[in-house]
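K.L.:
To start, I am sharing the structure in question, which I have written as structure tokens.
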């Protein structure tokens, strides 16, 4: 019996609610994986297989969709409360982050023109190494020697994978390293520039402000570096309208990568997110090899495996060092 004659909660109702919650979480994770891997594979298809050789314009399409859909999600659908920019200084900081973000995405898209997705993911897995380097240089934040030691297999694995990659391309490799370093730099910069309580923004609001600024940066770059890209796209559309649908779908997918990442972060634990993040790269590698049939070597796969093991050890070491 319960106090004051209240009815006891139904075990069946609690079980149903828990089941619904698990189903919702699985759905979110599936959407997160699908959007992440989908946009990666579609970028590869457009830039390499389809022959749409305009990575800056493609990135600008992504950022335009992110700007419009972010506003719709926050202002109209109220997915999260809107956070306002409080000062010009804060806006300047967001613009600096947006510039680094542009560099990361453009470099990553350029690399996909020359490298298979499997190798692209292997190089991208070295993000913790660059994060640790930038954190040390910019904040003089030192990790434990064990944490630094775990970065050895991360870097060694990529060196081995590079030597065993049948489709290795030096320029594509440099662009991929640049994209990975810029992604790590953005993370460190975000922690420095938006560290005060009055300036902190959640990832959805940060995207709302960064995306339109990114479009402003990318527009002149597209005009000067990718000659007559709009005219070429129109001509392609006249021959095959599929290109328009591919660009629209790809751009919307780029936004859903950010949306699902935010929702998965919100509805799962940090440990679950860490495990899922480590597994996502491996799933992307397997799926890309099945779709694009790019040649892989045993040496390359061993190198990638070593890198993933290093990333897992690094994450575990960071988690333990952050415990009080």
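Backbone N, Cα and C define each Cβ position, glycine as well.
Note: TrEMBL annotation is automatic and uncurated.
Take a look at what TrEMBL says about it:
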{"type": "DOMAIN", "residues": "28-315", "note": "domain 'Sugar phosphate transporter'"}
{"type": "TRANSMEM", "residues": "12-34", "note": "transmembrane segment"}
{"type": "TRANSMEM", "residues": "54-79", "note": "transmembrane segment"}
{"type": "TRANSMEM", "residues": "118-138", "note": "transmembrane segment"}
{"type": "TRANSMEM", "residues": "145-162", "note": "transmembrane segment"}
{"type": "TRANSMEM", "residues": "168-185", "note": "transmembrane segment"}
{"type": "TRANSMEM", "residues": "206-223", "note": "transmembrane segment"}
{"type": "TRANSMEM", "residues": "243-264", "note": "transmembrane segment"}
{"type": "TRANSMEM", "residues": "271-292", "note": "transmembrane segment"}
{"type": "TRANSMEM", "residues": "298-315", "note": "transmembrane segment"}
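Tell me about the surroundings of these features in the structure.
P.N.:
Residues 43, 46-47, 102, 105-106, 109-110, 112-113, 204-205, 207-208, 211-212, 214-215, 218-219, 221-222, 225-226, 229, 232-233, 247, 250-252, 254-255, 258-259 of the same chain sit 6 or more residues outside the transmembrane segment (54-79) yet have a Cβ under 8 Å from a Cβ within it.
With a cut-off of 8 Å between Cβ atoms, the residues of this chain six or more beyond the transmembrane segment (145-162) that come close are 119, 122-123, 125-126, 128-129, 132, 168, 173, 299-311, 313-314, 316-318, 321.
For the transmembrane segment (168-185), the list of distant contacts is 100-101, 103-108, 110-115, 119-120, 123-124, 126-131, 133-134, 162: same-chain residues at least six beyond its ends, Cβ to Cβ under 8 Å.
Under 8 Å from some Cβ of the transmembrane segment (206-223) lie the Cβ atoms of residues 54, 56-57, 59-60, 63-64, 66-67, 70-71, 74, 82, 85, 91, 94-95, 97-99, 101-102, 106, 190, 194, 229, 258, all in the same chain and six or more residues away from its ends.
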K.L.:
Who are the long-range neighbours of the transmembrane segment (298-315) in its own chain, taking Cβ under 8 Å and residues 6 or more past its ends?
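P.N.:
Answer is 118-119, 121-122, 125-126, 128, 147, 150-166, 274, 278, 281-282, 285.
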K.L.:
Between 0 and 100, where does the mean pLDDT of the domain 'Sugar phosphate transporter' (28-315) sit?
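P.N.:
For the domain 'Sugar phosphate transporter' (28-315), the model's average pLDDT rounds to 92.
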